[in-house]
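Here's what TrEMBL has on this protein:
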type: ACT_SITE; residues: 582; note: active site, glycyl thioester intermediate
type: COMPBIAS; residues: 1-19; note: compositional bias 'Low complexity'
type: COMPBIAS; residues: 27-45; note: compositional bias 'Low complexity'
type: DOMAIN; residues: 50-77; note: domain 'WW'
type: DOMAIN; residues: 76-109; note: domain 'WW'
type: DOMAIN; residues: 152-185; note: domain 'WW'
type: DOMAIN; residues: 188-221; note: domain 'WW'
type: DOMAIN; residues: 280-614; note: domain 'HECT'
type: REGION; residues: 1-45; note: region 'Disordered'
């Protein structure tokens, strides 16, 4: 049954009238002189708003004198900072004195809590977006870098520059205009019957279909594409590699009939962007023109940058079960073996492959990064036992223990099979045919370590990986990334931040060294003399990543939780530095001079394929 609902009668009775309220379900009390007296307003509510009453059956109900209604439920007090008011037309509204806003809807503790949680998440997203917008591939100094340009010098009055995202544009000082197109190729089409192609090494060559011949000589300029600077194979400089890659991407764009591609997205970035899988790959290489409905802004790069951030933030979220964190304290991503719980997971991996290739092709960054083994897969480079350390240090250490100890003396009995658990189900995987019956011995343990490492790095994700690269190669063939290493690819895809030397020094700890030790003073002198790119490479060498958390060096994470940057005195003066990426630790030998320290550290940093890392 309902509480007395004819509020007008109840209110009249309360003010001395003799009329009875309307009966509802035969249970409405009469508000005569014999009616039970009002007990009073609920605790925390003003008496002039709510009144607590008891009907003739002894049931308690509540009267709202402002909204003129009754209810069985005990009204909750308003959250802290809220006030209920009535406008001149008698309508109830609520005032939030904290945010200085008003609403018609009555707030509850739960709604306020949900709003505060949403505000917190929104603040985190905005903070991440702000940090995202501060990323770059290399600084403004590199904009003036004129090393190795396959097209030779620019025409008179033109200047080549690079924006903070590494994208090349051109300035015409005579007309004071800027443009994305290279003036050396703009308006200079190949002669009829000619076509430009690229070798597997990314070197342009020209096909004359009229004579059925090929040549490295550009028929427009008469110059050979092999004459302009060193071969990219021998270029170690990261900036030169990026410039060559951007040049190739730009040439691919110039061969399209329509140089721009308009794409309309919506608030659900993932759902609206998924149809891009059905576009022709050539369309995805054209200049992007992103439009958010209701935001009639012109996309000169900023809107596209926001789209890449929002989509990567959403689609790479482990909540969707497509990717997972590499470890409990390692927030780099790897493919989730349990992604099959989504029946369309292979379609999504193909879509993500296209999306990641688009980010590289257009020089845009994504919100979060992958594990180093995954970058090596993108580069089609072989994986090694060492790659295990960055994603599963305990498993890696157990394999190293097996390698360094005699199994027969330890009495260990192992077979060429491993157990894996996915969604609570444990299954056995044989590392070789009939591996469950093959005992691991001293003679075959090297084979066991190799097979189990390969399994751990690719367990149950073969189909997902294949789908990812199917989409990736449609937009960007993998061979055009072959000159980059895994850490350079991470910078290309995620960018790097300006590294604060003061923050770095403030949150560094020392073992067997003091802050005043000459080796420590030399180390910081060396870091101070570095440009931001070299600092990033040093950070990668020690921590395994070029990206800092939101809190900077104070929030660095290790394999066992928060772990500050550490420099430890280890070894002899003729040793090379070593790094322990799981613990953010640099083993720095006691070098005798600044020049020796600088030489050894530079050698270690330049060897980007994991030299000296444990």
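Every residue, even glycine, has its Cβ placed from backbone N, Cα and C.
All annotation found in TrEMBL is predicted automatically rather than curated by experts.
Predicted, not measured: the structure shown is a model, and the values here were computed from it.
Around residue 582 (active site, glycyl thioester intermediate), taking its Cβ as the centre, 24 other Cβ atoms fall within 10 Å, counting all chains. According to DSSP, residue 582 (active site, glycyl thioester intermediate) is assigned to coil rather than to any helix or strand.
Under DSSP, the residues of the domain 'WW' (50-77) split into helix, strand and coil as follows: 0 helix, 13 strand, 15 coil.
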